[in-house]
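Participant: Below are the features I grabbed from TrEMBL:
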type     : residues : note
COMPBIAS : 413-425  : compositional bias 'Low complexity'
DOMAIN   : 190-341  : domain 'O-antigen ligase-related'
REGION   : 406-425  : region 'Disordered'
TRANSMEM : 30-47    : transmembrane segment
TRANSMEM : 59-79    : transmembrane segment
TRANSMEM : 85-107   : transmembrane segment
TRANSMEM : 114-135  : transmembrane segment
TRANSMEM : 155-175  : transmembrane segment
TRANSMEM : 206-222  : transmembrane segment
TRANSMEM : 229-247  : transmembrane segment
TRANSMEM : 326-345  : transmembrane segment
TRANSMEM : 381-399  : transmembrane segment
Amino acid sequence: MTNNNLPRKLADARQIAAIATGFSLPFSTSGQAIAVSIFAVLALLTLDRDRFIATLRRPAAYLPVALFALILVGVLWSMQPLSGAIRWVGPYAKLLLIPLVMATAFTPKQALQIAYGFLAACICLLALSWAAFLWPTGPWGWFKAPGVPFKDNAVQSGCFALCAFALAIGAMRIWVQDTRRAIAMIVLALLFFADIFLIYVSKTGAIMAAALLGLFVIHAGGWRRSAMVAVAAMIVIGIALLTSPQAQRRIAEINSDINANSGQTAGGETISTASRLDFWSKAVGFVKASPIAGHGTGSIKPLYQSMEATKPSPYGQATPDPHNQTLHTVLQVGLIGGLLLWAMWIAHARLFLARDYASIVGQAVVLQNIIGGLFNSHISAVTQGMLYCLAVGLLGALVRNAPSGMTGQKPQTTSASATASNNAA
């Protein structure tokens with residue numbers, strides 16, 4: 001290998017690592033960590049310094065860095081010793097990937113290859129999930145939950161909702177040029193969408209899917225098409241909920257969950273909704289005690305432990321996670337951190353104001369993370385947070401490559417993206 005072709009080899013290896021990262025996201029936490037670590041090293045080795053500096057001048061890139069820096073500094077006033085507090089910096093370290101990926105010069109074709117890696121993994125999960133539903137007596141004892149072969153239902157439903165949205169929007173874009181492919185994409189999108197409501201209904205997953213459905217209706221084009229999409233989706237949801245014993249059982253659990261006050265069923269099973277309400281009500285008191293700078297990084301569990309003697313948690317033990325991203329940040333680094341978090345979300349939403357394909361999918365990624373963050377800590381979560389950071393970085397790189405991509409005007413790369421999509425597919 002000569003010095004002349006070394007950058008090309010490193011760029012090719014970086015692309016392979018990026019595809020492997022996308023493929024591993026729905027499958028394996030350890031595989032995801034290995035792949036993204038390799039990608040990050042290769043991205044740093046191939047980084048254009050001037051491009052990176054220019055990227056860091058944009059709010060969409062420097063606000064994630066600022067939030068991470070605040071979390072890092074927050075160990076100085078943590079309720080835990082430094083060795084314990086520093087561990088809680090890790091869940092926010094993935095924010096540093098946003099400017100790194102955004103500064104990487106991905107072409108539309110390379111971005112599609114990474115997206116296809118993620119889609120291929122989700123299709124494998126979808127096939128296993130439907131196989132378990134149609135053949136319930138099959139060899140599925142190794143599944144994490146009914147219809148959920150890997151990770152958990154929150155991860156799976158979030159990945160499926162994003163795939164359904166991207167496929168449906170893509171189908172609308174190529175309907176005239178390639179009707180057969182568009183129909184196949186719509187069928188696959190409906191299978192993803194139905195799985196969320198048919199196999200194992202998750203409150204957060206269902207809400208996120210419904211939000212993305214609403215966003216799709218907005219972008220479907222014309223009130224007739226929007227109405228057709230909405231009616232078709234409601235029919236799919238209705239059939240799924242009426243015909244699936246698993247879904248009906250889950251709905252009954254959710255209903256008893258919502259009506260529970262003690263946080264436990266008669267049999268002693270912990271109730272998630274009641275637990276969340278308990279977490280949130282206690283968190284409000286913690287925030288009032290130290291509103292500006294919070295209690296320090298890693299202090300969430302000690303805070304809840306301090307209440308166990310007088311007001312024990314329905315969860316059964318002190319939680320290290322209040323199941324709300326804003327509270328997760330504010331409890332540790334105060335309202336300053338909360339403002340940075342929401343400023344980051346707003347900056348990312350503004351990044352994708354255009355109506356080209358990359359921007360519309362970017363809107364879905366941001367909307368999904370904000371809504372998921374209301375019920376879970378989706379930035380600090382291993383998979384949901386990684387998916388958000390990588391997707392925002394990748395889509396942001398595409399938008400930035402457009403001549404007016406960062407202004408909110410319609411980028412000029414739409415046709416190029418469509419061409420790359422057709423070629424790659």
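Just so you know, glycine gets a Cβ as well, placed from its N, Cα and C.
Heads up, TrEMBL stuff is auto-annotated, nobody curated it.
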Participant: Can you work out the mean pLDDT of the predicted model over the domain 'O-antigen ligase-related' (190-341)?
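Facilitator: Across the domain 'O-antigen ligase-related' (190-341), the average pLDDT comes out at 80.
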Participant: Apart from its near flanks, which chain residues at least 6 from the ends of the transmembrane segment (155-175) lie with a Cβ under 8 angstroms of it?
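Facilitator: Same-chain contacts beyond the ends: 25-26, 115, 118-119, 122, 125-126, 129, 148, 181-183, 185-186, 188-190, 192-193, 195-196, 200, 202, 204-206, 208-209, 212-213, 215-216, 219-221, 225, 229, 357, 360-361, 364-365, 368, 372, 383-384, 387, 391, 418, 421-422.
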Participant: Determine whether the transmembrane segment (326-345) and the transmembrane segment (59-79) share at least three Cβ pairs under 8 Å, counting only pairs 6 or more apart in sequence.
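Facilitator: Contact between the transmembrane segment (59-79) and the transmembrane segment (326-345): present, because at least 3 Cβ pairs are under 8 Å.
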Participant: Is the transmembrane segment (229-247) in contact with the transmembrane segment (85-107), using at least 3 Cβ pairs under 8 Å (sequence separation of 6 or more) as the test?
Facilitator: no
Participant: When you scan the chain for residues with a C-beta under 8 Å from the transmembrane segment (30-47), skipping those not six or more beyond its ends, what do you find?
Facilitator: 7, 10-11, 13-14, 17-18, 20-21, 23-24, 97, 100-101, 103-104, 382-383, 386, 390
Participant: In the same chain, which residue numbers or ranges, 6 or more beyond the ends of the transmembrane segment (59-79), come under 8 angstroms Cβ to Cβ?
Facilitator: 85-86, 88-89, 92-93, 95-96, 98-99, 102-103, 293-299, 302-303, 329, 332-333, 336-337, 340-341, 343-344, 347-348, 350-351, 389, 392, 396
